[in-house]
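The next block holds one structure in the form of structure tokens; read it before the comments.
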Amino acid sequence: METALAKTPQKRQVMFLAILLLLWEAGSEAVRYSIPEETESGYSVANLAKDLGLGVGELATRGARMHYKGNKELLQLDIKTGNLLLYEKLDREVICGATEPCILHFQLLLENPVQFFQTDLQLTDINDHSPEFPEKEMLLKIPESTQPGTVFPLKVAQDFDIGSNAVQNYTISPNSHFHVATHNRGDGRKYPELVLDKALDREERPELSLTLTALDGGAPPRSGTTTIRIVVLDNNDNAPEFLQSLYEVQVPENSPLNSLVVVVSARDLDAGAYGSVAYALFQGDEVTQPFVIDEKTGEIRLKRALDFEATPYYNVEIVATDGGGLSGKCTVAMEVVDVNDNAPELTMSTLSSPIPENAPETVVAVFSVSDPDSGDNGRMICSIQNDLPFLLKPTLKNFYTLVTQRTLDRESQAEYNITITVTDMGTPRLKTEHNITVLVSDVNDNAPAFTQTSYTLFVRENNSPALQIGSVSATDRDSGTNAQVTYSLLPPQNPHLRLASLVSINADNGHLFALRSLDYEALQAFEFRVGATDRGSPALSSEALVRVLVLDANDNSPFVLYPLQNGSAPCTELVPRAAEPGYLVTKVVAVDGDSGQNAWLSYQLLKATEPGLFSMWAHNGEVRTARLLSERDAAKHRLVVLVKDNGEPPRSATATLHVLLVDGFSQPYLPLPEAAPAQAQADSLTVYLVVALASVSSLFLFSVLLFVAVRLCRRSRAAPVGRCSVPEGPFPGHLVDVSGTGILSQSYQYEVCLTGDSGAGEFKFLKPIIPNLLPQGASEEIGKTAAFRNSFGLN
């Protein structure tokens, strides 16, 4: 059988050229063994591994196996010892019939890497069959006038053995009239002829009975016998003669049954019964031949279907016998013409599935193709779909390997359905399709991928510990353990961030939990990295950034910085009675540790000794006079201010202000008692006279001292002349300024300076006495200079 290698634009086709039939892989020359037929099963034919130069252990490691055409297991390979064993008893006549020599072809297939070795096993014939005649008796009718030397053909004996074990000679029982001559046919077979030695006499002996013996050439020889019954007839002068001694015809193998093959014709010059001719197949071929002859017309017709692959030609001998017993013969040589009636056959030797996705040039399958037809009818094309990443490669005779053409990607396609098509070149073309499914196994070639490169989580402060604050998620395109993701917290880049005490992550699902209650005022935001690692080998990982923003809760009440409410000697604001409406009495300064609207403060005058005398601005905390002051107004006033934030619910604080109405600033005024009377005391003329006298007496001296104090205050803030008494001890921690720019963690100094020319004081927030470590921006001065009119502190 021939194959050719071809390729079309539509398909990647692979066809063996005739020369490829003789190409073998390196080191794979044919090894031939010979054993007699009927050898018992289990017989060790040879050590195949040794003959091929292979190590015994190599057979097992490379997956050695025997391949047989038709998948009939006749031989068995012991991969441990390398011995080739007979799997069953072999009968040459059953396996090969009359074909000589009888050779069985096997292939030794080695995987990883793929390699083929051709092995041939020849079965030699033994003399296990005796010759057999098709009939127990042959009848010959011979006229008594037949001349000595006349030859009479006899039917041959059948012997299924071949060569010297087939029929070699014929003998006849001793007699005085005949002997047997043995001749060779064109196909090497022997056939007998009966030769008349002495004329017959019907009156003396009308019938003879002889024994014909067929002997084969075996040792010892086997024989078979039949009886020849000869009937002596009256004179018959002429024997039938065929028009041709040899008829040559061609018969297509797909000819229908009973179709006419050829017509033979013989004539006899005698008249009457002696001139009547009857035709018959000769030499016992009636049983084995697929033909039948009409004894009257000589038409040879087909009685069984022909098969070129089984028997490509026939030699049929025809005998014509007249009524007197004389006969003639001719030979019909029939050549069976091959037609494309056999589709190609595909035998899968090995199939590897699944295959790893990262291994190009991987052998997926090894298979063989065959077509019993001849010529173009047996020439084949093998192909697969052209859109697949696979390639067909011819290897050994009639063998192909299916290999991966490039690296596969299981994530893109996890399996391939491949159709292997084998088409012959006959007319019409016949084809065979074989479908295989190749699964692609996963390799850990994809790292986990987070759904987002960064995550922003919002957590309201004062949360409960172990609260789930969010989750991260990563997917892996691989499968199995290669796709199982484990989450973890990566070491923080900020060495001062104690991440392990803040959050934790569930390694299985990526849920994030806050380990403790968060305080916005202490930590407003932080970020960290999370990792996702698969369980492949080697493991692959990726990371994502997580930002946690702490949302402020209204958990801090406003804190009044000025005036201080815990001082043993609270400040008193002096207001001249000549002050105009809108005169700035003082400014309440408060802060809120929260942020946003939780730190938006509003001010409200909650209580006053004399309602309507003072007013307060809601947004800046300024206390101003609401009207002109009169002599009837009490000198001492106590104001209660409410400071409230804008949180939900709102929080508040109160501050108490002491205001003293004076006519001038001629002398310092002692601090007022902590509690001012709720109602104004009655004016006393005596008090006014004393105050006026004291004021006039000390006006000049006081003015000079005030001027000097203002100058010194402006030059050096470290030693102000006028200063409110600030009790020792720090303020409450974690104070945030109104703008929410930072946290106040240390005590601050406050300073009230009074200028003589302007009549206005300056209220300043100074830098902390002890440097503190605050977040960026928190180290700035919390308060900017705020003007306070007529504010004066008494020591």
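Cβ coordinates come from backbone N, Cα and C, glycine included.
Pulled from Swiss-Prot:
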type: TOPO_DOM; residues: 31-689; note: topological domain 'Extracellular'
type: DOMAIN; residues: 35-133; note: domain 'Cadherin 1'
type: CARBOHYD; residues: N169; note: N-linked glycosylation site
type: DOMAIN; residues: 247-346; note: domain 'Cadherin 3'
type: DOMAIN; residues: 351-450; note: domain 'Cadherin 4'
type: CARBOHYD; residues: N417; note: N-linked glycosylation site
type: CARBOHYD; residues: N435; note: N-linked glycosylation site
type: DOMAIN; residues: 455-560; note: domain 'Cadherin 5'
type: CARBOHYD; residues: N566; note: N-linked glycosylation site
type: DOMAIN; residues: 567-670; note: domain 'Cadherin 6'
type: TRANSMEM; residues: 690-710; note: transmembrane segment
type: TOPO_DOM; residues: 711-795; note: topological domain 'Cytoplasmic'
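Taking the features listed in Swiss-Prot, we show where each one sits on the structure.
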residue : record                      : DSSP class
N169    : N-linked glycosylation site : strand
N417    : N-linked glycosylation site : strand
N435    : N-linked glycosylation site : strand
N566    : N-linked glycosylation site : coil
DSSP residue counts for the domain 'Cadherin 5' (455-560), split into helix, strand and coil:
7 helix, 48 strand, 51 coil
On a simple 10 Å Cβ count over all chains shown, which one of the glycosylation sites N169, N417, N435, N566 is most densely packed?
N169
Given the domain 'Cadherin 5' (455-560), which of the listed stretches 35-133, 247-346, 567-670 has the most Cβ pairs that are under 8 Å apart from it?
567-670
Given the glycosylation sites N169, N435, N566, state which is nearest to N417 (N-linked glycosylation site) when distance is taken between Cα atoms.
N435
Cα-Cα, whole number of Å: N169 (N-linked glycosylation site) versus N435 (N-linked glycosylation site)?
56
Can you work out the mean pLDDT of the predicted model over the topological domain 'Cytoplasmic' (711-795)?
40
Measuring Cα to Cα, how many angstrom lie between N566 (N-linked glycosylation site) and N435 (N-linked glycosylation site)?
95
